[in-house]
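Student: Quick one: structure below, then a few questions.
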Amino acid sequence: MEASSPLDPVGRLVAFCRGGVHLAVLLLFLSPSTLGQCPAPPLFPYAKPINPTDESTFPVGTSLKYECRPGYIKRQFSITCEVNSVWTSPQDVCIRKQCETPLDPQNGIVHVNTDIRFGSSITYTCNEGYRLIGSSSAMCIISDQSVAWDAEAPICESIPCEIPPSIPNGDFFSPNREDFHYGMVVTYQCNTDARGKKLFNLVGEPSIHCTSIDGQVGVWSGPPPQCIELNKCTPPHVENAVIVSKNKSLFSLRDMVEFRCQDGFMMKGDSSVYCRSLNRWEPQLPSCFKVKSCGAFLGELPNGHVFVPQNLQLGAKVTFVCNTGYQLKGNSSSHCVLDGVESIWNSSVPVCEQVICKLPQDMSGFQKGLQMKKDYYYGDNVALECEDGYTLEGSSQSQCQSDASWDPPLPKCVSQVICKLPQDMSGFQKGLQMKKDYYYGDNVALECEDGYTLEGSSQSQCQSDASWDPPLPKCVSRSNSGLIAGIFIGIIVLILFIIFSYWMIMKFKKRNSTNEKCKEVGIYLNSKEDSCVQPQSLLTSQENNSTSSPARNSLTQEV
């Protein structure tokens, strides 16, 4: 390979041409400032160019002349494009012309916001009790070749009021009864008789004055008083309360008025008042004060949620809800209630306890070797199987639910014991739905046919030992039952007859034996006592009773 030799003159010329092309392309993309030019000059709100132009670029050193716009003191100035492609900035070249100094209107004030030069504004206000007639503001504007205010100064006029309202049985007094303006006071009085005796009570403020709410229209400071007949009362007024009893324009002595506070307010004092003399209400009128809202509910509920309403006023309700798998222990809500004059929450935060499902205590029939727990929680599963000799009724798999129940319900292990009905079913109704075999827990209902009597319970259940509880009944023929009853009664009568006969025989034998003994000893028999007595005593007894009837049942025996 040969080493490269220096460029010959032709090569140097080619390289130079290529470099020139590159430079030309680069110059095409350079900004005007790089080439020594200024962009279009800025617009001035206070001046305009003397010779307007549509050029967008200007070479360095170009000067443009401007003159002040109307409203400004006329003066020419110029700006120049500097070498850094920036226009020079004019300062304090156009000064705004000044309007005449405004004067305060009578009974008013003028307010100069900034100054009184071209473009500035001023405002007018009236003194208290006066209203503004005309424009409330003015601006310094161009007027012909000068500047002037665009509106004349307004007038401040005294605020007028209408004629005071008249009242029955009275009148107002004022120095002027035709012209009423702001600040004037009128006083009311009630009529009297020819001798000046008082006939009415003046109820309310005796004097009212002319005032204004909006500074334009005059109004009286309050309602006029009333001239009320003696021993009458005007309707009482309680702020934030309503009258629930019958309302009237006038109340007589001892009339009652009952109040109720509006929602959100609590009453302090008696709700009922009575009309007394001199337009007095007794006891003192109540007051209705605004009930404060309950404070923010700050309690938290682990494993649950607390739902708090936006409005925490009286009656607001906070609700507690446990997460799935937990059950609420305590109140499910708390209410904002009144405690004296304070608003409080009436319940604290409850507790969310984990749901526990339990197996039944009686697990007879289930396999003992199964892995069973004492407590099962929400979502836990249990599998149950029966021992030999038992049949599983239900699903062998069950899951603990959020309400502590099992789904599907826990199965049962039913013994395979079979209870049978007796072979002799004579006397029982043939149309009964009876099965051949009954299993543990099955029930049977039996009834007898006509002519038979059911002895025992008509309902019976198959037990785990293949017996019936209560025992199965019997159907006994009614004829047999009558015969048995007759025999039973005859036996009872016979037994009673034998007992009575035996008693009579024994009594007769005892009396005969006593008589024989009395004969042997020569004494008398006393039939009342079935005993022997001495003859002398018996004789004495007979003599004493000679006036009466002879002794009954006495026997004598000669010796």
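Yeah, the Cβs are placed from backbone N, Cα and C, and that goes for glycine too.
Note that the structure is a prediction, hence the values are computed from the model and not measured.
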Student: According to Swiss-Prot, which residue out of Asn247, Asn331, Asn512 bears the annotation N-linked glycosylation site?
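Tutor: Among Asn247, Asn331, Asn512, the residue Swiss-Prot annotates as N-linked glycosylation site is Asn331.
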Student: For the set Ser221, Ser364, Ser554, say which residue Swiss-Prot annotates with phosphoserine.
Tutor: Ser554
Student: According to Swiss-Prot, one residue in Ser85, Ser212, Ser287, Ser527 is annotated as phosphoserine; name it.
Tutor: Ser527
Student: DSSP-wise, what's the residue breakdown of the domain 'Sushi 1' (36-96) into helix, strand and coil?
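Tutor: Going by DSSP assignments, the domain 'Sushi 1' (36-96) contains 0 helix, 24 strand, 37 coil.
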Student: Using DSSP, how many residues in the domain 'Sushi 5' (292-354) fall into helix, strand and coil?
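Tutor: Taking the domain 'Sushi 5' (292-354) as a whole: 0 helix, 29 strand, 34 coil.
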